[in-house]
Each structure stands twice: as C-alpha cells, then as structure tokens.
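Asker: Structure incoming, see below.
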C-alpha cells in the first residue's frame, strides 16, 4: 500500500515539475494566437475538412484543390478573427482556455456522430434531460475532452506572455486584422464564381467551423430565450372555437402518442422487410399513413410544431412560444388534457395544462437508474376514468428509439435482432449491429403501442377511444457517415424526415365521428405531414374554428362520406 502511494506521489511530482517548466516558456500574444489557431484547425476541425473534401468531385483537379484550399484559409481567417477579438491582456488566456475546452467537446460529437451544432441542436441539448445527456458522456468523451481540451488549456495557462505597450500591441492587432481581411478578400476575389456556387450548395460547412460556429449558435439560442422571456402576452388563437354537439353520452378518450426518433424506413408497417411491427402488423383496424414528413429533425422543433397551427412553413420556436397551441384550445373548450412524459419534456407545449414525468415514479418494473422503458407510460392507464359525456386528450411522450444508446430502449424480450450494438459509441459498432439495436427498439415500441390499443379496446364497451401515433423525427444510423439526427432540414436525409404515423379507432368512435373507414383506407398513402396533427385533433373533438383547416384533418374528407 505504501509503495503504491509513494509511486503515485512520485508520478505526481514528476508531472508537476514538467508543468512548472512551462512557465519558463515565453511567447508573444500574436504567437500564442497563431499557435492556438493552427492547433484548432489541424486537430479540432476534422469534420469540416472531411465535409469540404467530400463535397468536391473526384478525382481532384486544379479547381477542386483551389476550392478546398480556399475553404481552409477561410476557416483559418475566421478563427483568427475570433482570437484577435479576445487577445487583450485581461481576457486572452481565460478566453483561449474556454475556446479550447469548447472545441474539444464539440469536436467529439462532430467527429464521432457527424453532428451539426447549429441553433436547433443547441436548443435540443438545452432541453435534453440529464439521463439522456449522460448516455453521451462516455469514457471516450471524457478522454477526448481531457486530451484535446484540458491539456492544451493547461499549457496555455502556464506559458508566459511577453507583452509590449498598449499602442504597440494595438498596432500589431490592427496590422494582423488587415492582413487577415486582405487575404480573405483575395481568396474570394480570385475565384468568386466557383466559391459562390460551391458555397450555395454546401452551406452546412460553415456550421462546422469549430468552436466559432457552436459558440455563435449558443449565443443565438440564449438571445432568443431572452426575447421569449421578455415577450408580449401569450397570443390567443381560435377565440371563435366551439364544439359541435355529438349524439349520445359516451365519453371520448383520445390518446396521442408522440414517438421519439422512429423512422419510417425501419417500420414494417411502411414496407420494411424486417418484422419490426409484429403486433401492429397483425391488426386489421389500423390506418397507417405511409408518406408523412416531420416538421423538423429534432424534438425541440417537431414537438411544438405539430401541436401548433403555424405549420412547417410558418413555424419558428419563437412564434410557437408566443401563442397558444391545440392543447390550450381544447382545454379552454372543456376537454380534459394530460401529458405523460418519458422523454425530455413537452418543449413548452404543456406548460399551461401540466404534465407528469414517468421517470419520477421510478417504477421498478420499468425503471433503472432514473431511466424508464416506455412500458411505464401505460402503468397508470387503467386508473384513467371518464364520466358520461366527458372528453379527454392524453398525450404520451415516448423515449422510443432515442440514441445513441438504442440498447437501453428495449428489454431482453424485445431483443429480436442480434448481434446488436451494446455501446453508446455507436461508431464503434458495425452498421449491422447498429441497425439491429435500432430495430429492436422499434420492436419494443410496437409492443407498447399494441398493449395500449389492447387496453383501450377492452374498455370500448363504455368509452369511445382513438389512438394517434406519430414520431417526432427520424434517425441516421451511419448512412453517408451520419448518425443520430438534428441535421438542418434543408440538408437532412430522408431517414431523418420520413416518419411513421398511424391511427386506430374503436368501432364506436368511428360511428361517433361518422367515418367511412373504406374511404380513409384509400387515402393513407397520400402525402401528409406533422401539419395534420393540430387539425386532426381539432376534428376528433368536433371543434370548429376559423383556424381549423379540414383539408389538413386526416379524417375530414371521409366523414359523412357515402
């Protein structure tokens, strides 16, 4: 024991002496800037380099080499401009250390998962719960940050800066600034046409400049949060809304299930070759909509969007936060509204009607270490009772197939496809192992949804029931080197935007809504999107208003038909 302690003490003393020697190294502020920028460009912007090279046709000709070199020079100039702005005596060292740590964190996710850290991704991270975030912070993450962030930051902190007088340093900064701007102007001027065309086709490359772009995205997100916090009073929508009288006194229970990270490509209901929906596929009373597009590629966008009347074209998180959504409208009209969450919260949608976090109940049948399987969402469903003529909207927000720890989303009973990836660092697994794990999570989702329908079907003697399921967005599983989701929508692959959606109604609910089921079955292949959710929910509760658009209601065209 003593020998081990002595060895550890000796090792610590050795490293302490080595770091102490760093204080003998002297460098000018300009020299430090150049060294740090070179380090960032060479080690922390590998995703950018790969994106630039990958965007150009092969084999490289003279023009391709010029574009690639110009992109790297531009990145160097952007990093230099950031360093110049932070190079003054009181802040240069602390700011440089922050930049190095930020770059290390961001480069891990960029290089490992192909993540673009834009405003949407910052918002998604800010609204992700601790349990989900902890899945990403593996040993590989901490090692990467220590080696590429902490260690360089310690070196920067220890070296001595040889400073000159204020005016001399000011002139040096000004000259350096002019040099950077001149070089950048020359780069753009010499091949403006080629660069402008390439730039328009590859806008996402700018998002990869690390750490400048992630910091700018974080600033934009915080600025928007400030504006929302100081926003005008909530805008009321559908002030003219009324509910049409419905014959009979039976209660109505509509369960909307918001899926997480399920993509249509891996849904058996949507033509996938594997049996990922064995239970749902066996049912003949489902209406599966096979051509559905998500509003966004991240939960923080898609969830508020689908409950808003804005639609994808007019949607922005800020606009949605400034006005009511369909939950508010239904609640105002006397519909009982509840939100049960097993994911990262309702993204502000349920802020005025309340929610229950399933994880807080920590049901030992489904929950381990604060994370719960989606079966926990149904544990209290039997306790939901409705009075005669009462209507209720229950929203279930699933954990679904949230990555990268897909293997944590399903129990052993749903482990149908093996070998499956059992590592949060999915890039370490083969593509087939990643797909197997993801498909198993879909199998478990199928089981939970089938159980939900079974429970509602069993109570159809007394209650009219409806289930509307739709995933918030899809997922990339390594195709084209991309993992997870959150790619800007205009650049997102089909795997991230084509999502599954289906509808189930009890026989009595179909009669209540005067629905021609044969008509609806013929329309399930028509293109639709998250825009339909708001209007379909309004229609299910027989709400009429100027904001209600029957052409976006999935059922409207087949009600009173024939």
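Using the three backbone atoms N, Cα and C, a Cβ is placed for every residue, glycine included.
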Asker: According to TrEMBL, transmembrane segment applies to one of these ranges: 25-42, 43-60. Which one is it?
Answerer: 25-42
Asker: Identify the transmembrane segment range according to TrEMBL, selecting from 65-86, 197-218.
Answerer: 65-86
Asker: Mind checking which residues reach the transmembrane segment (25-42)? Cβ under 8 Å, same chain, six or more beyond either end.
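Answerer: Apart from its flanks, the transmembrane segment (25-42) reaches 72, 75-76, 79-80, 83-84, 87, 92, 96, 99-100, 103, 152, 156, 158-163, 169, 172, 176, 210-211.
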Asker: Reported in the order helix, strand, coil, what are the DSSP residue counts of the domain 'Phosphoethanolamine transferase N-terminal' (78-226)?
Answerer: 121 helix, 2 strand, 26 coil
